[in-house]
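Trainee: The domain 'RNase H type-1' annotation in Swiss-Prot covers 1-142 and rests on sequence analysis. The Mg(2+) 1 binding site annotation in Swiss-Prot covers D10, E48, D70, and the record cites sequence analysis as its basis. Taken from Swiss-Prot, the feature Mg(2+) 2 binding site applies to D10, D134, supported by sequence analysis.
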Amino acid sequence: MDSKVVIYTDGACAGNPGPGGWGALLQFNDTSKEVFGYELDTTNNRMEITAALEALRILKKSCNIEIYTDSKYLQQGITAWIHNWIKNNWCKSNNEPVKNADLWQKLYAELSKHTIIWKWVKGHANNSGNIAADKLAVQGRETAIEILKCRG
């Protein structure tokens, strides 16, 4: 597992909930790959999780990964909160169900395949990787908005 991949992720939503998009920039050596997607009715937090999940699903072998996100919800959720959620059968300490548990469970399943360091970066702060991921997420969101316009 000596492949090091750097991933930048972001999510975007028009309204919360509303049409949303996710984007990810994957970098390996001198190669980069941009990916994005959308959902017609979603939340910003679901798009943040989806960006990380879909980026990890692209990787075909075990890697050392650094994931950069401007979402404290994603970074804290996957590095700190998730362990208690699992212990509490996907409930928070107040016994309320964890929001987005379906996505958290899928993301957690991807973790065992890799060695991952999660890093938070300030959004919209001149970080080129974060800016690229944001543009991809916005592209996904705008695609969702256009589809909804076509449907009337």
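In case you wondered, yes, glycine gets a Cβ from its N, Cα and C as well.
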Trainee: Setting D10, E48, D70 aside, what same-chain residues sit with their Cβ within 8 Å of the center of the Cβ atoms that define the Mg(2+) 1 site, listed in sequence order?
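Mentor: Neighbours found: T9, G11, M47, A51, T69, S71, L74, G123, N130, A133, D134, A137.
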Trainee: Return the single residue from the binding-site residues list (D10, E48) that has the minimum number of other CB atoms within 10 Å.
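Mentor: The binding-site residues D10, E48 were compared, and E48 has the fewest Cβ atoms within 10 Å.
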Trainee: Name the residues of the same chain, 6+ apart in sequence, whose Cβ is under 8 Å from the Cβ of D134 (Mg(2+) 2 binding site)?
Mentor: D10, A12, G23, D70, G123, H124
Trainee: What three-state secondary structure does DSSP assign to D70 (Mg(2+) 1 binding site)?
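Mentor: The three-state answer is coil.
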Trainee: Taking the Cβ of D70 (Mg(2+) 1 binding site) as centre, how many other Cβ atoms lie within 10 Å?
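Mentor: D70 (Mg(2+) 1 binding site): 21 neighbouring Cβ atoms within 10 Å.
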Trainee: Under a three-state reduction of DSSP output, how is D10 (Mg(2+) 1 binding site) classified: helix, strand, or coil?
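Mentor: For D10 (Mg(2+) 1 binding site) - judged by DSSP and reduced to three states - the answer is strand.
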